[in-house]
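Now, the feature entries from TrEMBL:
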- CYS261, CYS268, CYS271, CYS277: [4Fe-4S] cluster binding site (BINDING)
- 49-67: compositional bias 'Low complexity' (COMPBIAS)
- 307-323: compositional bias 'Pro residues' (COMPBIAS)
- 112-259: domain 'HhH-GPD' (DOMAIN)
- 1-73: region 'Disordered' (REGION)
- 296-323: region 'Disordered' (REGION)
Amino acid sequence: MSKSPVRAQAKGADGVSEGRNSAVGEQGISRPTKATKRPSGEPVKQGKPAKSAKSGEPAKAAAAAKPGKPESHLAMVRRARRINRELAEIYPYAHPELDFRNPFELLVATVLSAQTTDLRVNQTTPALFAAYPTPEDMAAAVPEELEELIRPTGFFRAKAKSLIGLSASIRDNFGGEVPGRLADLVTLPGVGRKTANVVLGNAFGVPGITVDTHFGRLVRRWKWTDQEDPEKVEAEIAAIFPKSEWTMLSHRVVFHGRRICHARKPACGACPIAPLCPSYGEGETDPEKARKLLKYEMGGQPGQRLSPPPDYPGRPAPPLGAG
Ligand code: SF4
């Protein structure tokens with residue numbers, strides 16, 4: 001198993017901007033965590049690492065989210081950075097949840113991940129990459145044969161067209177190598193900013209913020225932004241964090257969204273960052289019930305990768321058709 005390349009990140013400049021207020025009470029939000037416990041039961045202190053969030057105690061500092069005077073932009077930035085630090089301690093092993101061995105495989109897997117789970121993509125790509133290991137091979141694929149291989153990921157005709165098109169473009173315009181620049185990546189068929197940032201951040205070590213459905217939902221719940229448009233979300237979040245944090249921040253937020261802060265039933269009662277969250281109470285607050293909502297390693301289930309990084313604490317996911 002290859003080492004995950006996600007750890008490698010470029011350093012960048014910090015960019016905190018001022019001036020925008022949210023409706024969150026500053027006092028309540030910015031001093032919340034004295035007596036909180038993590039889901040593991042371990043007390044949370046400022047700057048103290050969390051070991052895991054596998055099971056545990058209710059987050060008790062929801063009262064911290066009392067309405068007060070509007071939170072200043074600076075206070076929101078501080079709170080956002082603190083959430084990021086907490087997430088780094090809760091998910092020290094956060095990583096891209098697509099299996100890949102090189103930039104081309106990550107690009108293909110990311111295109112396939114639209115409208116399906118990373119697990120389903122990971123179960124599909126081993127046979128796909130065995131049949132078409134390079135852009136040249138995939139560009140020359142018989143469409144119907146490629147479609148059949150990627151059928152489990154849904155929208156397989158459109159995705160096959162994108163894969164053949166992007167492979168041909170890589171072959172014809174980039175010497176057979178996936179380009180490492182955003183401006184070039186977005187010229188490939190089926191590749192937008194989200195896909196380009198995934199590839200840049202995880203295959204090239206270029207910092208990027210990936211605004212997928214989880215990321216957008218969580219940053220709005222945390223009042224880091226009220227934008228809906230992914231490009232505007234990306235720009236506003238980029239102004240809150242230093243570049244060096246962008247890629248890992250993206251993974252941590254997505255990990256939290258998949259495991260705890262779900263779209264329909266966020267497990268607020270088992271959420272270790274509840275004291276910092278202005279949306280505490282949007283989901284289940286009863287600790288027992290909330291724990292039952294936890295997914296993947298938090299809920300005793302394997303993660304999405306068949307070949308996870310060595311430090312991943314859960315079990316690898318099963319291949320397609322293996323129960
Ligand atoms: S909405 Fe609930 S689960 Fe999501 S981050 Fe806030 S407290 Fe945690």
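Placed from the backbone N, Cα and C atoms, the Cβ positions cover glycine too.
A TrEMBL annotation is a machine prediction, not a hand-curated record.
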Average model confidence [pLDDT] within the domain 'HhH-GPD' (112-259): 97
Mapped DSSP class for CYS261 ([4Fe-4S] cluster binding site), helix or strand or coil: coil
C-beta crowding around CYS277 ([4Fe-4S] cluster binding site), within 10 angstroms: 27
Helix, strand or coil at CYS268 ([4Fe-4S] cluster binding site) [DSSP, three-state]: helix
For CYS271 ([4Fe-4S] cluster binding site), the number of other Cβ atoms found within 10 Å of its own Cβ: 29
Local backbone state of CYS277 ([4Fe-4S] cluster binding site), from DSSP in three classes: coil
